[in-house]
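Engineer: For reference, the structure I am asking about is given below.
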Amino acid sequence: MIDRFGRPLEDLRITLTHVCNFECFFCHMEGEEGDNYILSKEDILLVAKVAKNFDINSVKLTGGEPTLRRDLVEIVRGLKQLGYRDVSMTTNGFLLKDLAYKLKLAGLDRINVSLHAISRETFKKITGVDAFDRVIEGIKSAIDVGLVPVKLNFVVNRRNREEVFKFIELSQNLGVNEIHLIELHPVGLGKLAFKEHDDLREIEEYIEKISIKKQIRKKHFRPRYVLPSGLIVEVIKPYANPIFCAGCNRIRLSVDGKLKTCLYREDNVIDILDILKGEYSEDVKEELLGRAFMIAIAIREPNFKYKI
């Protein structure tokens, strides 16, 4: 499906829970400010089933921390049984060592691990948890079982800026495929922490100089730099960036049962909780959810637009 701004809808991003075992001071919480109402596995899979009718073929599972859901493996298996080409997950990696193999068997295709520091001290300052070594073990387990490409997310801020290039070195040594250097943006807890925002321009300019190839990714038109080692460095700058918004191809299912058309906005969401919890047959629910998707696509628009 194409929205009225010519943007294809290809990706469903599902928040499985707001609960997390870390306390990162900048967490954007997927732009959600509602209660931690947890949709059932059946609710999630029903929405995903309807989304397939709109040519959505990719699902990203997020949180909070998705590995805290006891039915995570079953959800992944259900999504693959629906025929999704790509099922991936973003995790803090704390429980990944124990879950990686089970998730791979269930059909998880690839994984993003949030790693915002390269030292135990900085890691604890950012997350509130002394778990750097445990997360590294989780990353190694993901690589070993074949959850590839393994991508590492690094939110750049004033507390970890000096570790960026050592982070690139660590990533190369670990054998990961790709890293994302992400701008801190004022969403969720990031609103309170935006004073820690750090401009990525100088970092990106240096990475471009040492790279052997520059690519532009279709999603969000993100710049990607291939280093001589083969590591891909993707720079993600969503805030006040109309180019980023012009390439957005996703819709979100919030933890409290809303179709959310933009990370930054709460004024153009479609509440589908009553449909999911209503006493309707599954056929009727599918029809009503289909209508909800149509409305969501109709009202979907870039938050940051080009000024003409």
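Yeah, the Cβs are placed from backbone N, Cα and C, and that goes for glycine too.
Checked Swiss-Prot, it gives:
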- 4-224: domain 'Radical SAM core' (DOMAIN)
- Arg13, Lys60, Thr90, Lys151, Arg250, Ile251, Arg252: GTP binding site (BINDING)
- Cys20, Cys24, Cys27: [4Fe-4S] cluster 1 binding site (BINDING)
- Gly64, Ser114: S-adenosyl-L-methionine binding site (BINDING)
- Cys245, Cys248, Cys262: [4Fe-4S] cluster 2 binding site (BINDING)
Engineer: Distance between Arg252 (GTP binding site) and Cys24 ([4Fe-4S] cluster 1 binding site) at the Cα atoms, whole Å?
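Structural biologist: Just about 22 Å between their Cα atoms.
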Engineer: For the binding-site residues listed here, Arg13, Lys60, Lys151, Arg250, Arg252, which shows the highest count of neighbouring CB atoms within 10 A?
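Structural biologist: Checking each of Arg13, Lys60, Lys151, Arg250, Arg252, the winner is Arg252.
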Engineer: List nothing but the one residue from Cys24, Ile251 whose Cβ has the fewest other Cβ atoms within 10 Å; the candidates are the binding-site residues.
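Structural biologist: Sparsest of the binding-site residues Cys24, Ile251 by Cβ contacts within 10 Å: Cys24.
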Engineer: Compare the C-alpha of Cys20 ([4Fe-4S] cluster 1 binding site) with the C-alpha of each of the binding-site residues Arg13, Gly64, Ser114, Cys248, and give the closest one.
Structural biologist: Gly64
Engineer: Give the helix, strand or coil assignment DSSP yields for Gly64 (S-adenosyl-L-methionine binding site).
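Structural biologist: Gly64 (S-adenosyl-L-methionine binding site) sits in coil per DSSP, no helix or strand.
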Engineer: From the Cα of Arg13 (GTP binding site) across to the Cα of Cys248 ([4Fe-4S] cluster 2 binding site), what is the distance in angstrom?
Structural biologist: 12
Engineer: Cα within 10 Å of Cys27 ([4Fe-4S] cluster 1 binding site) is the criterion; apply it to the binding-site residues Lys60, Gly64, Ser114, Cys262 and give the hits in sequence order.
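Structural biologist: The binding-site residues close to Cys27 ([4Fe-4S] cluster 1 binding site) (Cα within 10 Å), listed in sequence order, are Gly64.
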Engineer: Closest of the binding-site residues to Lys151 (GTP binding site), Cα to Cα, picking from Gly64, Ser114, Cys245?
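Structural biologist: Of the binding-site residues Gly64, Ser114, Cys245, Ser114 has its Cα closest to that of Lys151 (GTP binding site).
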Engineer: May I ask which of the binding-site residues Cys24, Gly64, Ser114, Cys245, Cys262 is closest to Ile251 (GTP binding site) if we compare their C-alpha atoms?
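Structural biologist: Result: the closest of the binding-site residues to Ile251 (GTP binding site) is Cys262.
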